[in-house]
Structure formats: structure tokens, C-alpha cells
Amino acid sequence: MPILRIAVAKPLRTTFDYLPPLDCDDASIAKLQPGTRIEVPFGRAQLVGILVNRAPESEVNQTKLKRATRIIDPISLLPKPLFELCLWASQYYAHPIGEVLTLAFPPLLRKGVETNAPHNAIKLTPEGRLAPQGILRSPKQAALIERLQRHEATRSALKAEGFSSSIIKALIDKGLAIPCRIEDSEFSPSESDPQPRLNSQQQFAVAQLSQHAGFKASLLYGITGSGKTEVYLQTIANTIASGAQAMVLVPEIALTPQTAARFQGRFGACVGVLHSGLTETQRAREWERARTGKLQVLLGTRSALFTPFQNLGLIVVDEEHDSAYKQQDGFRYHARDLAVKRAQIEQCPIILGSATPSLETISNVNIGRFEQYTLNTRAKAASLPSWQIIDVRQQSLEAGLSQTLIDACHHTLGKGEQALLFLNRRGFAHTLLCHDCGWVAECDNCDSRMVIHKRHNRLRCHHCQAQKPLPKTCPSCHSNHWQGVGYGTERAELALQSLFPHTPIHRIDSDTVGSASQLDHVLDAINANQTGCLILGTQMLAKGHDLAKVTLVGIVDTDALLFSSDFRAEERLGQLLTQVSGRSGRGDRPGTVMLQTHHPDAEIFHQVIHQDYRETASSLLHARHQTGLPPFGQIVMVHADSKDPSEAERFLNSARHTLTSSLPQNHVLIGPLPAPLSKRAGKFRYQLTWLAPHEKNLHRFVHSIADTLTRLPHKSELSWAIDIDPHDFL
DNA sequence: AGCACGCCGACT
DNA sequence: GTCGGCGTGCTC
Ligand SMILES: [Zn+2]
Ligand SMILES: [Zn+2]
């Protein structure tokens with residue numbers, strides 16, 4: 001008796017065997033493809049399961065076998081390559097198969113909804129198309145057939161042409177026509193923006209990237225303003241011309257209406273966008289358009305990676321170094337890495353673009369696994385910015401700004417130009433300190449200090465949801481002599497307003513700019529400014545937004561990154577400095593970057609300033625090589641947290657025991673150690689770090705470890721997770 | 001993850 | 001005597 005092996009969207013690392021539904025004959029069972037959605041009874045619930053494979057018989061006790069309720073999809077909606085990718089990812093990241101496969105479906109379809117969007121149109125059946133003239137006695141019906149011979153049409157269009165719904169129904173009842181769906185976009189083609197001329201580097205890159213049809217991974221290394229996007233656009237145009245589809249991934253923060261408009265302006269209605277603001281129905285609609293080949297370009301963030309395509313011919317991952325591609329909880333996949341895997345499975349080219357590529361990608365270029373194309377001429381800039389390090393030791397600072405930087409701002413504003421101040425900390429001040437006794441406001445649920453937010457007059461924890469009003473008096477000594485320590489963007493904004501009373505100041509952080517479209521708004525206002533303004537912002541500003549009038553960039557404080565315990569801190573600092581400095585000096589004016597620091601001699605600063613990013617990267621890579629850290633080795637991190645102060649540590653200790661016995665000599669286990677943020681949202685956090693040399697079979701190890709961990713006795717309030725290739729140690 | 005089964009403390 | 005605590009194990 002044939003058996004269906006089905007995965008369900010639960011954190012269970014197995015598939016479940018089911019008997020086929022009763023109304024299903026052997027021939028149709030034999031035709032079922034992996035990825036088919038099948039409704040099954042599971043425990044006491046009815047779930048949408050996903051077929052993983054078929055088997056002649058089951059090892060499960062016959063009496064336990066249940067019968068699947070119904071085959072939802074007559075044919076699988078997941079193309080083979082995508083199914084294969086999910087399987088691979090489930091293995092590699094040791095994540096339950098059902099939870100991975102479910103990501104390949106939009107939320108609407110996970111609930112078992114039929115894929116077919118509501119029918120809004122009519123087309124002829126094969127019989128209808130071949131129907132000889134005069135077979136119908138009704139002239140109206142014959143006219144409709146003739147009309148439909150030319151083209152399928154929407155019901156509303158037909159109604160406008162004088163065909164009533166009873167005529168339509170008559171044809172459908174006779175089996176000559178059937179309802180179908182026509183997407184709005186298919187009948188509204190629009191004018192497309194012209195293709196700008198490319199410089200010779202861009203031309204070369206487009207030619208090389210378009211040449212190859214099979215798998216080929218390429219780094220597009222293009223400094224800020226060198227026109228990476230135009231290379232994507234023209235390569236995509238070639239892909240479309242060859243009849244294939246393209247998938248473009250961008251970091252969440254970069255998926256603004258402006259970005260979408262650039263793609264839509266070029267390719268019109270055949271562009272689909274998957275952004276977080278879509279309703280479930282809209283999301284399902286775009287998914288279906290990609291799957292059935294009705295769109296040629298899909299623009300989306302991390303999760304768009306799992307969209308099915310009819311004929312995928314190109315993948316683009318923009319800002320490939322961005323850590324937003326790594327999912328930080330649940331299924332902790334890295335969309336850039338999986339995108340490369342997908343390109344390999346789909347046998348299509350992939351472009352990874354960045355001005356500051358990740359060390360992983362640079363290393364892949366070095367060993368010849370990836371090609372590299374370079375764009376190093378800025379379209380509108382005379383020269384690269386000049387750097388100045390400001391040693392702030394012993395200097396008196398006003399609002400965290402040195403006099404040198406303040407003077408430079410005045411000078412820039414005096415010329416009617418713009419200055420951008422980069423401060424990677426939001427809120428007012430990062431610590432509330434009692435000046436009389438030294439008491440500091442800490443979060444009750446986390447091992448961290450609460451940040452002062454002046455506008456709401458509250459203390460907020462940036463690691464959990466906790467917040468409370470600012471205390472009037474010190475709980476320890478009842479003094480009211482408070483001091484705010486440190487500068488966040490909110491405080492810097494206030495200080496700047498008194499320092500520059502007549503200058504517009506735009507503050508850009510996640511407290512002032514909640515969505516991508518709001519960001520677009522502020523950026524428009526900045527670009528429209530003619531008389532000079534100050535821009536104050538966090539991380540959000542580092543990305544390649546176009547700020548044409550900025551000639552001065554001030555980096556207020558990045559010293560914290562110099563001492564981070566995280567092994568990627570230096571890489572991130574290098575990328576941040578390079579990206580932020582790229583904001584300076586477009587147009588015909590050269591830019592200046594001023595860096596304030598208490599550590600003017602730090603190696604990384606001088607590397608970034610005096611060397612090309614690639615040289616900085618190669619010395620960072622050298623250090624990684626010495627220590628066996630990625631990309632020269634692999635890290636597996638086992639996290640555990642619990643409300644009980646010692647439970648997580650105890651659990652990881654027993655995890656370590658089971659690991660030690662089965663691990664080869666050259667693998668290293670560190671910990672369990674308290675996480676750098678040792679308490680978060682009321683839970684005590686520990687982690688066990690596992691350093692492994694590169695080997696193909698690591699995922700087998702990890703898989704069996706995950707299995708043993710599941711069986712390890714633990715209190716119900718303890719939760720644990722495995723993070724393959726973790727992005728940081730937090 | 002949910003959910004049921006099951007075995008010990010403090011209530012009517 | 002029972003109501004319910006959550007520890008343990010299962011879901012085809
Ligand atoms: Zn005090
Ligand atoms: Zn907190």
C-alpha cells in the first residue's frame with residue numbers, strides 16, 4: 001500500500017506517514033510531486049501538510065497510520081529546485097523540515113486556501129476554439145465565441161462590449177468557455193524609462209554577467225555612487241529578453257517606494273514587489289505571479305528568497321554584506337548564502353553586489369569560486385573624500401561634538417551645503433545616573449541599562465519591551481540630582497538645535513522614521529533643501545541613499561565597536577566607516593569625513609583611511625585565518641535560555657557532554673558561557689560555541705546533535721536553539 | 001509547539 | 001476525598 005511522507009509546520013524533525021485519501025487511485029498517487037499540499041489529521045487537529053516523498057510501505061505500526069483527508073493541490077505548486085533548496089536548508093541549518101517548507105508558501109496558502117485567485121475573466125476551451133461556425137443557434141453566443149477567438153477577456157470588459165452574463169453562462173454550460181483569471185497588470189502596459197549609457201566598467205560587467213546561462217556567482221564590487229543598480233537593471237533586461245525571470249533581494253531598510261519605483265520605471269508592470277506592507281491576499285497574488293511566470297522581476301527582502309519561479313534566470317543580492325540577510329530567530333538562515341545555493345540548484349547566475357563585501361564573499365573570490373567585477377569610478381564625484389581623525393581625548397565636548405567638528409559644520413552650512421552627523425545610538429542618553437550616589441537605572445528583565453527617551457519622558461529598554469516613567473528621585477538616596485550619561489540621537493538633536501538655531505535639522509532613526517516610505521519623505525525634503533541643513537542619523541543612513549548635497553560627514557562615536565566581544569566587530573566597523581564616508585562629496589564638490597575617537601591610533605581607522613576597502617578586508621581575513629574563524633572555519637552556536645538562573649547552563653553542560661564524546665579532535669567547544677547580554681526579557685541566557693574546521697559533513701553532526709538535544713531532559717520553560725554560521729555572539 | 005496523561009500537595 | 005500543579009511523552 002503506497003504511503004505519503006508528509007511534513008507539518010511544527011518544530012518536529014521528522015515527517016509523518018499517511019495513507020492516501022480514499023478517493024485517490026494508485027495512478028494519481030504515483031503522479032503526486034514533492035511539495036504538494038495535503039490536508040491531514042494531526043493529533044486532534046486538521047493541518048495543511050506538505051508532501052516530502054512517497055514510499056511503498058511504512059515502518060510505522062499499521063494501527064497508528066491515519067488517512068490523509070484530501071489532496072489540496074492537483075499539481076505541486078513548488079518547482080523541484082525550490083523544494084530541493086528547502087530540503088537542503090533544513091539539513092544545513094538543522095531546522096525542522098515542515099517549518100522550512102512552509103516558508104515557500106505565502107501565509108494565505110499555508111492555511112489550505114486554493115491557489116486560484118478569483119476568476120475575473122473568460123476564455124475558450126479547446127472545444128470552443130474548434131467549434132465550427134454555425135453550430136450555435138444564438139447569434140449572441142456565436143459573436144462571443146468570435147470575440148474570444150481573438151483574445152480572452154475579463155467579464156467587465158465583455159459586459160462593456162454588450163455581452164450579458166447569461167450569454168457567458170450559456171457558453172460555459174456548453175463547455176465551450178471556462179472562467180479564468182487575468183491579472184490587472186497584464187492589460188496595462190506602460191512606457192518604460194530609457195536605459196542610461198554605461199561607462200566602460202559597467203558595460204564590461206553587464207556583458208560578462210549576461211553572457212553565462214548556467215550557474216555562476218559574481219561579486220559586483222562597486223563603490224558608493226558607481227552605478228551598481230544600473231548594472232543590475234541592464235543585466236536583468238537581458239535576462240528578461242531571454243525569456244527568464246529575475247529575483248532581486250535587498251535589505252529590509254532599502255526596500256523603499258523609491259527603490260521599487262526605479263525597477264517599475266524600467267520594467268513596468270512585470271515587476272512584483274514583496275514588502276512588509278502587503279496584505280495576505282496581495283502577497284499571495286505576487287507569489288502566484290512569480291510562480292506562473294506572469295512577472296519577470298521580483299523585488300523583495302530576505303523571505304522573498306523562497307518564492308517559486310517558473311523560469312528563474314538571475315538572482316541579485318544587493319548590499320550582500322548586510323546582516324539583515326541573516327534571520328536572527330527561529331529558522332536562522334542566511335538569505336545570501338541560500339541564494340547562492342539556490343542559483344546553484346536552479347543553474348542560473350547570481351550577482352552579489354556591495355561597496356563593502358563581506359569577508360566570506362571576498363574569500364570566495366580569492367579561492368576562485370566567485371568571479372569579481374569592479375566599478376570604481378563615481379559618476380558624479382570629482383574625488384574620494386578626505387579624512388580627518390579628531391582626537392577627542394581631554395577635549396571638552398559640546399553635545400558629544402568637538403569644537404573642530406562644530407566649526408566644520410558651520411563652515412559647510414555657510415556654503416549652503418549639508419553636513420551629516422552619524423551617531424549610532426538612538427534615544428536621549430544611554431544611562432540615567434544619580435550624581436549623588438551613583439545609582440543607575442537598569443532594566444528589571446535584562447542585564448542592561450535603560451535608555452532615556454526625553455520626548456516621552458520615559459526609560460526604555462532596547463532589549464525588551466520594558467519601559468517606565470523617569471523616576472523623580474533616586475530610589476537609593478532620594479536625591480533628584482540626575483545626570484544623563486552618553487549621547488543618543490534625541491539628545492544630540494536638542495543640542496544641535498541650540499548650537500545651530502537657524503538651521504533645519506533632520507533626525508533619522510527608528511524612533512522618528514518608522515517606515516521605508518517615511519524615510520523616502522525625509523530624504524526628499526533633504527534633497528530639496530537649498531540653503532544647507534544638518535542631518536543626524538543612525539545605521540539607517542549608512543545605506544546607499546542618494547544625498548547629493550552632503551559634503552561633510554561627521555562620525556560622532558563608534559568607539560564602542562572597537563571593544564566589542566564579537567568577532568565580526570572590526571569587519572562591521574570597516575564596512576560602516578566606508579559606507580558612511582561614501583555619503584560625502586557627490587556632485588562637483590569633494591567631501592570631508594571627520595572621525596571623532598578616543599583611540600586615534602586604532603589600526604582599523606588607519607586601514608580604512610589610507611587603504612582601499614579590499615586591503616582592509618584582506619588584513620582582516622588574515623586575522624580570521626590565524627584564529628580559524630569564518631570563513632576559514634565554521635561556527636555552530638547552541639543557545640539556551642530559561643527563567644531559572646541555572647537551568648540553561650545545566651542543559652548546555654549536558655549538551656557539551658554528549659557532544660564531546662562524538663566530536664573529532666580538531667573541533668573546539670567553548671562554554672557554556674553566559675551570553676554577552678546575560679539576561680534578556682527575564683530569561684538567563686547561555687551559549688555553547690562550537691568551532692569546526694571546514695567540512696562537508698558538519699551538518700550531519702549538527703543534525704544528530706539536534707536530535708539528541710531534543711531528547712535531553714529539560715524543564716519546559718527552557719528553550720534552546722542552534723545557530724549555524726551565527727552573525728554575532730550576542 | 002500543543003495537548004493529553006499522570007501522579008503528588010492543599011482545598012471544599 | 002477531589003481540584004489542579006506541571007513533568008513527560010507523543011503527534012503518522
Ligand atoms: Zn542616588
Ligand atoms: Zn529589558
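Using N, Cα and C of the backbone, Cβ positions are placed for all residues, glycine too.
Note that TrEMBL annotation is computational and uncurated.
Quantities reported herein were computed from a predicted structural model and do not represent experimental measurements.
If you look up TrEMBL, you'll see A:CYS434, A:CYS437, A:CYS474, A:CYS477 marked as Zn(2+) 1 binding site. Cβ neighbours within 10 Å of A:CYS477 (Zn(2+) 1 binding site), excluding its own Cβ and spanning all shown chains: 13.
Taken from TrEMBL, the feature Zn(2+) 2 binding site covers A:CYS443, A:CYS446, A:CYS461, A:CYS464. Non-local neighbourhood of A:CYS464 (Zn(2+) 2 binding site): A:CYS443, A:ASN445, A:CYS446, A:ARG680, A:ALA681, A:GLY682, each in the same chain, at least six residues away, with C-beta under 8 Å from its C-beta.
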Can you tell me how many other Cβ atoms are located within 10 Å of the Cβ belonging to A:CYS446 (Zn(2+) 2 binding site)?
21
I want to check the contact list for A:CYS474 (Zn(2+) 1 binding site): same chain, sequence separation of six or more, C-beta distance under 8 angstroms. What comes out?
A:CYS434, A:ASP436, A:CYS437, A:TRP439, A:ASN480, A:HIS481, A:TRP482
Taking just the CA atoms, what is the gap between A:CYS477 (Zn(2+) 1 binding site) and A:CYS461 (Zn(2+) 2 binding site) in Å?
23
Within the set A:CYS443, A:CYS461, A:CYS464, which binding-site residues show a CB-to-ligand 1 distance under 6 A?
none
Near ligand 2, meaning Cβ under 6 Å from any of its atoms: which of the binding-site residues A:CYS434, A:CYS443, A:CYS474, A:CYS477 fit that description?
A:CYS443
Close in space, distant in sequence - A:CYS461 (Zn(2+) 2 binding site), Cβ under 8 Å, 6 or more apart:
A:CYS443, A:ASN445, A:CYS446, A:SER448, A:MET450, A:VAL451, A:GLN467
A:CYS437 (Zn(2+) 1 binding site), number of other Cβ atoms within 10 Å:
13
